[in-house]
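The structure under discussion appears below in the form of structure tokens.
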Amino acid sequence: MTTRILTGITPTGTPHLGNYAGAIRPAILASRRSDVDSFYFLADYHALIKCDDPARIQRSRLEIAATWLAGGLDVERATFYRQSDIPEIPELTWLLTCVSAKGLLNRAHAYKAAVDRNVEAGEDPDAGVTMGLYSYPVLMAADILMFNAHKIPVGRDQVQHVEMARDIGQRFNHLFGNGREFFVLPEAVIEENVATLPGLDGRKMSKSYDNTIPLFSPSRQLKDAIARIVTDSRAPGEPKDPDSSHLFLLYSAFASAEQVAAFRQELLEGLAWGEAKQRLFQLLDNELGEARERYQALIAKPDDIEDILLAGAAKARRIATPFIAELREAVGLRSLREPLKSAESGKKKAAKAARLVSFRDDDGSFRFRLLDAAGEQLLLSRAFADGKAAGAVSKRLLAGETADLRAEGNAFGLWLDGEAVAQSPAFADAAARDAAIERTREALAPQE
């Protein structure tokens with residue numbers, strides 16, 4: 001079976017070593033597998049949320065596209081495109097927006113972080129929050145669901161967005177599928193073994209921290225950047241600790257196992273930091289030299305890159321165009337020449353719309369949510385160590401097994417076999433809590 005994998009990179013700056021080692025290089029390697037169908041795109045609509053400098057976005061799109069190509073991406077095997085060249089994506093975004101619960105989007109980490117910063121500063125909670133930031137998860141859901149990707153390689157900070165895409169896709173399927181599952185529910189793949197590289201100051205390499213090492217900078221600039229890497233004060237001849245060295249982590253991300261072992265031993269034997277930085281420079285200059293030449297040649301011919309991206313968009317639209325037509329048909333955006341269909345024939349009753357949604361939390365544990373017909377959360381399960389345990393509880397609830405709902409202040413808990421397995425959010429008052437308990441009982445009642 002072929003697995004479809006989808007990855008996007010937001011073009012808001014010059015690609016750096018962290019982008020390459022953490023996302024681009026592993027994606028290119030994965031695209032060469034015969035059992036993988038790869039979709040890689042420049043998330044330039046997402047870039048507009050973070051950047052209001054048109055020249056920077058234009059330049060970054062060119063640089064990131066050239067980086068993928070210089071890194072060895074085979075555009076005959078993979079589908080490589082710009083998000084903004086697929087008009088079906090914003091259309092799908094709107095269709096999904098219309099079934100996305102506000103309560104779901106309120107829980108998005110980026111939005112909550114912005115609100116928390118504003119509250120801490122004594123400002124209006126939504127000060128500076130754009131609808132682009134707020135609805136970012138819906139656009140990401142459209143990116144994923146448009147091509148029915150099975151697996152989405154992400155960092156831990158993006159797992160929630162993939163889970164939200166699952167929720168939104170499941171909601172659309174329920175409302176408009178009429179027996180058909182339009183959307184595959186994607187799975188977040190946390191790449192535990194993919195490098196998260198430190199920057200010049202030891203923090204995660206990020207444009208936000210201004211601590212990056214540009215991927216394809218000329219040799220002189222690369223050497224100067226490496227010279228600025230922060231190290232401890234241990235003198236030449238004094239043993240160094242490789243495992244606490246940012247420089248060693250950078251070296252390890254690009255060296256062979258034999259080179260890493262030799263470098264580790266040299267540090268333990270007291271290799272001077274200046275010499276260690278020279279070793280890192282030589283390694284990177286050798287490893288990236290040929291790709292740097294390809295990159296510079298590509299940058300000099302933007303028309304060629306444009307042609308490649310447009311060809312990739314045409315390839316992607318061969319999937320997107322007929323699919324969006326099916327989705328338009330499903331929601332009722334049909335030709336007036338077609339016979340009218342009754343609302344009951346294409347839609348399930350709202351009373352049956354409550355659902356259990358399983359997901360993997362940021363800490364790696366497994367949970368499930370009970371959502372009502374409007375997508376509002378009624379219950380959040382406790383953390384389970386493995387998916388089978390969480391699934392077993394979900395299965396019992398779906399089978400209509402009687403659960404004990406216990407009021408706890410303005411919230412309530414769900415108990416099975418004398419054990420608390422899920423908890424509600426806090427409600428405004430006891431009346432709201434009791435109404436939610438009744439909705440929960442109805443949601444968990446066996447459907448005839």
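Placed from the backbone N, Cα and C atoms, the Cβ positions cover glycine too.
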Swiss-Prot annotation (motif ''HIGH' region') - matching range among 11-19, 155-163: 11-19
Stretch carrying motif ''KMSKS' region' according to Swiss-Prot (options 204-208, 359-363, 439-443): 204-208
Secondary structure tally of the motif ''HIGH' region' (11-19) (DSSP, helix then strand then coil): 3 helix, 1 strand, 5 coil
